[in-house]
């Protein structure tokens, strides 16, 4: 008989002995077969179902009984028992329980010279080790279980050519010989019905987990960053072509009547000794007026500040949670004197709060109120969880379907804004956020960078999306809405290519190119609809650019 060791961490199981003391057949010093057991082991611990290639794991239950078992022999002919003690052995081993064999008849074939040692067991559920194999060699790694590792091994006392220690036993049929050799579970093998049963179980599992009727199945998607790992699975972020929502919002929008008449490169002296010596006192009055004009559509009285989401020159944006467990975004602005930039900061805050409090639309970031302390102003806004479109195209290569869906949502928000007489003035991927449902929301977490148009050199990345009339210090449209359309064309180009417009130029070089009416490079590899949409937006003459309402009927955003 084979004496094959199975190692799983500190667990060693042998196929040599079965410690059930009722009617034991002793062949060559080893117990080969038994009748139905009398001793029932205590409840044990079940391990998860694990499958290795070409083999089958069953549920394993292990016990560590400390009692001493006396072996007794009996005669199957007269059903009388020999009371003489044959051997005493301490059961320190591990039982292996076969989960699905409780009602299977499992014959044990033993030595041909001893025909009486062949018996049939109605419930052969338990096995235990005898003595530890003193000499064995560890070979290749087979797998990992909760209790340790399983290796292929060979014993110095093993019989036969196979010495694989796999500890994998079929659940529906017990082998004719007690052996831990690998079994053939292919369709042509002796355990074909096991294979077929697994296929049926797998098919039933898939059938039971199909999508509900009210949920559109995901047919095309891209895998993103790893979110977490579990025992049997890993969880990733993913983006779908068909799961993008229909809502979009817009944040940091400046009233059109405040569009600057011209852009100057001169720095202004806001010190007390300068030509604007009374500006400090004026700043205090503006700050007090801003605080007095707070609107609180929602009463957020107690909240905790969380992780940083973004930072600009004037403001930082944090995640926050209220005492009711509601999450939102907090834009934190210092009210301390910031020198020559303080007046502009306060003007921006006043304009943004006034604008957000007026807008109520599904495509506009929801304004949730304001608060203040001694030195800081807090603006509460809707929290958008998935980050900016810029971060998304850096993680994924956005398909034309996704770009088209995002563009349609941006247009819906711009159309509402322009009808209200406002312009956004900073349309770009970094200012568009996406929630978990694929809804695009325009925002600006870098408050200062979003509307600092008095100094082109300080506009940093914003300059690359500016329209020619903005660079050339004129607003020929009256309310500036064509400037948003130009920026939208640059934004769609950015989403399609994964690069900002004029990416090969420095800011000052790009300013001269844009001012002269030189278009950014639009690759010929883009789809015809995408290319036509971008070039339609990038008309040098603002009067030739379509409105947001007209672009909502463009084939690029309706032929999905």
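Numbering starts at 1 and runs along the chain as displayed.
Each residue, glycine too, has its Cβ placed from N, Cα and C.
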Region 'Disordered' range according to Swiss-Prot, out of 26-47, 48-69, 70-91, 92-113: 70-91
Binding-site residues compared (309, 315, 317) - the one with the fewest other Cβ atoms within 10 Å: 309
Which of 311, 426, the listed recorded positions, has fewest other Cβ atoms within 10 Å: 311
For the domain 'Protein kinase' (303-557), mean pLDDT (0 to 100): 83
